[in-house]
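Colleague: Have a look at the structure that comes next, please.
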Ligand code: NIG
Ligand code: FE
């Protein structure tokens, strides 16, 4: 290449085995592959032999993967990583027989994290939350959804969403924020859930105007909010053009799946108690089922999501950590994949799709989750000898490196 002539790729990885997930089935593997990117997007995904010239001639930076496996960057599409304090004491109470609902009704649970989160200044909240996000990235996550929901007043919900955005800047990854004002009833609204929903509906446009909200969620449940209350929040979201998703049917069948499907929501999450009719409604609406096996595991839940009904209704299944201080103190998306295989009998391939392309769909993001020319250059290189190992190992350090938008982040 003559001086002054620019190379086609900013970066190029050679000698990798690619798990492209292109198409609807199978890993779609390309062996002895090359992956090139330019301006943050994939520009070559194919066999090394199809490269148009020597690697050094076509790319400014060349990395030899030495046979490692390369997948799309993992996408954690449901987390509550921003919070202060912890609830290890409640973990002990539950092991002695108290239920999650008992603890919530006696003023603990989500509300106890609300007290700790309100008390933490913004920098302190960032300081406590960053290590959790860092742990997820160190395990291959390049896109991270983060919810509010432990502030439950305007200033503290805003503080949480601002911290979520700062995490994205700090770690160089893409953070998608979700407003979860309707997570629990704060003590100052005791006995007045409808009044609290009025306040949530008032905060949402203001937070959105500050660019802090990418999507809207609610906890539709006996210990959360009713269908009618959830509907009111969703109507405001719809008027703002914001997509909705829902903590649906986690502890009881509250018809949450059908409700979020009615609003053409991105996803219904948890879904252990979702009925066959709910699954059918999700299928018609193109709504993703986000499986959260960490919460299932920690709560010692025994009721399985309607997995067969999801398959029959072509409902894509995503897998996420739900990382939170109550039901899922889980800081590894790979571990969530493993739990999804063991508890829900997903195959390791389904679990990987659940943490990549289906998770992208659950966030409404069409530009990532597969290795394909034109997609974002978000990918992870792994020290494994076959893709099933990603879900097989519980823990361990398997990640070699991860890139978001073509920039190394882990
Ligand atoms: O996804 N169920 C509601 N929200 C969270 C738990 C939050 C908490 O207990 O702090 C969940 O399980
Ligand atoms: Fe959750």
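Cβ atoms are placed via backbone N, Cα and C, with glycine included.
TrEMBL does not curate its annotations; it predicts them automatically.
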Colleague: Which of these, 155, 322, 367, 378, does TrEMBL say binds Fe(3+) at the same site as 78, 80, 247?
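Modeller: Site partner of 78, 80, 247 for Fe(3+), according to TrEMBL: 322.
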Colleague: Among 27, 150, 392, which residue shares the 4-imidazolone-5-propanoate site with 87, 183, 250, 327 according to TrEMBL?
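Modeller: The one candidate that TrEMBL places in that 4-imidazolone-5-propanoate site: 150.
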Colleague: Near residue 80 (Zn(2+) binding site), which binding-site residues out of 87, 150, 183, 250, 324 have their CA within 10 Å?
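Modeller: So the list is 150, 324.
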Colleague: Looking at the binding-site residues 87, 150, 183, 250, 326, 327, which have a C-beta within less than 6 Å of some atom in ligand 2?
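Modeller: Those binding-site residues that pass the cut-off are none, since no Cβ is under 6 Å from ligand 2.
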Colleague: Starting from the Cβ centroid of 150, 324, 326, which together make up the recorded N-formimidoyl-L-glutamate site, report each further residue of the same chain whose Cβ lies within 8 Å of that point, ordered by sequence.
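Modeller: After dropping the recorded site residues, what remains is 80, 83, 87, 110, 113, 149, 325, 327.
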Colleague: Within 10 Å of residue 183 (4-imidazolone-5-propanoate binding site) by C-alpha distance: pick out those among the binding-site residues 78, 247, 324, and say none if nothing qualifies.
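Modeller: Those close enough are 247.
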Colleague: Which binding-site residues out of 150, 247, 326 lie by ligand 1, going by a Cβ under 6 Å?
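Modeller: Within range of ligand 1: 247, 326.
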Colleague: Where's the emptiest Cβ shell within 10 Å among the binding-site residues 80, 87, 183, 247?
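Modeller: Output over binding-site residues 80, 87, 183, 247: least Cβ neighbours within 10 Å is 87.
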Colleague: Applying a 10 Å Cβ distance cut-off over all chains shown, what neighbour count does residue 250 (4-imidazolone-5-propanoate binding site) have?
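Modeller: There are 28 such Cβ atoms around residue 250 (4-imidazolone-5-propanoate binding site).
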